[in-house]
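Next up is a structure, given as structure tokens.
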Amino acid sequence: MAEPIDAVVLSLDEVHALALRVLTHHGLSDAHARAIANVITQGQRDECHSHGVYRLLVCVRSLRKGKVDPQAVPTLRRLSSSIVAVDAHRGFSLLSFETGLPVLVEMTKQHGIAAMVINRCYHFSALWPEVEAIAAEGLVGIAMNPSHSWVAPEGGKEPVFGTNPIAFAWPRPGGMPFVFDFATSAIARGDIELHAKQGKPIPPEWAIDAQGRPTTDPQAALQGAMRTFGGHKGSALAAMVELLGGALIGDLTSRESMDFDEGVGATPCHGELAIAFDPKVFLGDDLDAGLARGERMFDSIVAQGARLPSQRRFDARARSIANGVRIPRALYDEIVALLD
């Protein structure tokens with residue numbers, strides 16, 4: 001039996017307070033720090049460890065590199081009656097999302113469908129908190145973004161794509177939304193970083209080494225290239241994200257973002273695209289019937305013992321709200337040391 005990991009137990013309020021202290025200590029404005037602390041706390045709460053308090057190390061590293069503007073104030077520009085663009089001005093993305101969300105919701109409820117573009121942002125976070133926020137308004141949400149070119153196309157050896165996540169949320173009456181958020185790479189970059197940090201091997205289907213050979217060594221994977229999920233299908237979706245979340249919105253592709261970094265190793269700088277749909281506008285008087293169709297499909301999935309996406313997160317959420325979260329002692333100490 002494996003030895004239990006020495007851990008620190010914190011309430012969610014304590015996690016949020018710790019994140020806020022670390023972020024403001026390193027020069028982030030209160031608005032940026034609160035937006036980031038909110039999402040980091042959500043990640044830790046839902047046991048998404050690669051996007052929980054571990055990301056404080058990532059944020060601070062990027063701030064120390066001098067690329068991110070810790071005081072940037074996002075600005076809004078309406079491109080049309082149903083498209084809003086938020087310029088992050090080289091700040092982290094989360095405050096820009098918070099800034100643009102009310103406008104996206106307003107436009108979607110007016111027109112039935114609307115889009116929000118975030119430009120020139122440093123982006124390190126999961127997308128599910130964002131599409132969940134859209135679903136909390138009774139809307140359907142999709143979000144996507146490129147990153148750094150860490151991922152080789154299927155059949156290739158050289159990195160071209162980012163991890164290029166796609167997230168989707170569907171509101172459910174009286175329950176948690178139907179949500180998925182997955183990288184088009186075989187795994188999130190942060191998971192390989194955590195394996196490297198903990199000295200654990202990775203599955204060979206996650207990555208290739210610098211010579212293009214499948215590897216179980218996370219350090220070799222970080223020096224080589226990640227693989228797409230689902231072979232050519234994942235490759236095609238990754239390319240779609242580059243086009244919609246990069247070229248279409250006038251922002252960097254993953255290769256361009258990597259070049260922009262100039263070897264500094266900061267969080268990727270690029271854009272993001274979020275699209276929202278209002279079921280009330282699409283369905284009108286048939287709204288209840290349309291939502292009921294979705295519920296019947298969900299019932300048919302769980303009735304046979306299958307699990308809806310994000311159910312593991314929702315179960316973890318309930319545990320964390322009741323019992324707090326466990327943070328490995330070594331990681332906790334590393335985070336506290338950021339306050340020195």
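Cβ from N, Cα, C; glycine included.
It should be emphasised that the depicted structure is a prediction, and the values quoted were computed from it without experimental measurement.
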Swiss-Prot records T163, R189, G190 as substrate-binding residues. Which of R55, R293, R296, R307 is assigned to the same site?
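So, going by the record in Swiss-Prot, that would be R55.
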Of the recorded positions listed here (S50, H51, T163), which is spatially closest to F182 (NADP(+) binding site) when Cα positions are compared?
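Closest by Cα distance to F182 (NADP(+) binding site) among the recorded positions S50, H51, T163: T163.
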Within 10 Å of the Cβ of F182 (NADP(+) binding site), how many other Cβ atoms can you find? Include all protein chains, please.
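Result for F182 (NADP(+) binding site): 19 neighbouring Cβ atoms inside 10 Å.
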What's the CA to CA span in angstrom from H123 (NADP(+) binding site) over to R55 (substrate binding site)?
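Distance between the two Cα atoms comes out at 11 Å.
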Considering each pair of residues in R55, T163, R189, G190, all listed as binding substrate, report the largest CA to CA distance in Å, no decimals.
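It comes out at 16 Å between the most distant Cα atoms.
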Please report the DSSP secondary structure of F182 (NADP(+) binding site), reduced to three states.
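Where F182 (NADP(+) binding site) sits, the three-state DSSP reduction gives strand.
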Taking just the CA atoms, what is the gap between R312 (NADP(+) binding site) and D191 (active site, charge relay system) in Å?
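R312 (NADP(+) binding site) and D191 (active site, charge relay system) have their Cα atoms 17 Å apart.
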Are there residues of the same chain, six or more positions away from R55 (substrate binding site), whose CB falls under 8 angstroms from its CB, and which are they?
I40, G43, F124, S125, G190
